[in-house]
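Here's the structure, in structure tokens; my notes come after.
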Amino acid sequence: MGNAMPQYGEYPYDPTGQAYDGVMYNGGHLDAGYMGDDGIVSPRGEGHTPFVGFFTSKLLRSGFTLQSTALSLMFVFYWAFGGTGIFVFDLYAAPESVKISRPFHLTVSLLMAMYLLGTLYLAMFQVFVTDNSKAVRGFRAGSKILSAAVTLDLLSSMLRLVQYLYAYFYMSMKWWTRYQQTKADWIFFQFGSFTNSFALIMYGAALFYLEAYHDEGTCEEIAWTNLILFFLAGLAELLMVFTGYGALFSLFLLAAIISATVWSFSFEPLLEKWSPSLHSRDVNADFAEEGDYTYALQDNEQGSAYGPVQDGAYFSQNPTSQLPYTPQAAPQYQM
């Protein structure tokens, strides 16, 4: 095989297996700079890290900024086109001057595209966030909840974008008269709000867990603020879908997104400070100093079956078993 491909002569292939650190490998050229003493070190991707990392380090801030800007402009244009009251994503709650205004529908469609782009940025943030096994369980739970939240938010944002594009191309007084009689499109226009209500509740929980369970964190009061505002926005929107009341959800939503935007400008730089680089395989993202921690499981009535950890060994307090158990580190397989 090696003779058939002379272009790879620099890396001769030997089918004879060779042992390396307890693992069998085929022989051949091995670059000394490729493998380190503590594991595999590959230079691939390292050259792209500064360029890609510049964008991935600002996804959370960019996403919430786009969402807050788009939603704020929706309020402004709603009032500019003659709307009264509070802007909601319901075409039929607006006055006639807005309901059949094609320029308004086009404007909101463009702003919904901007809002959708912000949601995509949040989805990409969740993809790149460092939530490996070194992070505490609460932080990893927040990352998973955020994944579910952005999924529902993407779905609802796309439905709303299609809704306003549909209104721009097809809505007229004749269409409106037919809708008043049949309500045939009610599910299509309300399903986006129904889905978004659950997304908002999940957003609140996700941002709370990410902030409250981060090793350092920024401000726990903001975590509670985000949780309360997003929860109220989601609950009010769900109430509006089924009862027609709860238009205040838009104000709660705007306040929640602005609060999340302010929080993201302090939280994301802190998160990036302790995150491993894109080309790194190191899962030790915990910056806390290692100390001499001792743990003891205590039972209120009969005592614990295990005593404190001493020098890495667990000593059983059961008189029938006094042999210590010392956990062994998992073998490092190197290829």
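Glycine too: its Cβ is placed from the backbone N, Cα and C atoms.
Annotations in TrEMBL come from automatic prediction, not curation.
According to TrEMBL, the protein carries these features:
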TRANSMEM  70-92  transmembrane segment
TRANSMEM  104-124  transmembrane segment
TRANSMEM  145-166  transmembrane segment
TRANSMEM  186-210  transmembrane segment
TRANSMEM  222-242  transmembrane segment
TRANSMEM  248-271  transmembrane segment
Paired segments the transmembrane segment (248-271) and the transmembrane segment (186-210) in contact, 3+ CB pairs under 8 A: yes
Close approaches to the transmembrane segment (70-92) from elsewhere in its chain (Cβ under 8 angstroms; 6 or more beyond its ends): 98-99, 101, 103-104, 107-108, 111-112, 114-115, 118, 160, 163-164, 167, 171, 179, 189-190, 192-193, 196, 240, 247-251, 253-254, 257
Within-chain partners of the transmembrane segment (222-242) [C-beta distance under 8 Å, separation at least 6 from its ends]: 88, 90, 190, 193-194, 196-201, 203-205, 207-208, 211-212, 248-249, 252-253, 255-256, 259-260, 262-263
Spatial neighbours of the transmembrane segment (104-124) far in sequence, C-beta under 8 Å, 6+ residues away: 56, 59-60, 62-67, 69-71, 73-74, 77-78, 81, 98, 146, 150-151, 153-154, 157-158, 160-161, 164-165, 167-168, 171
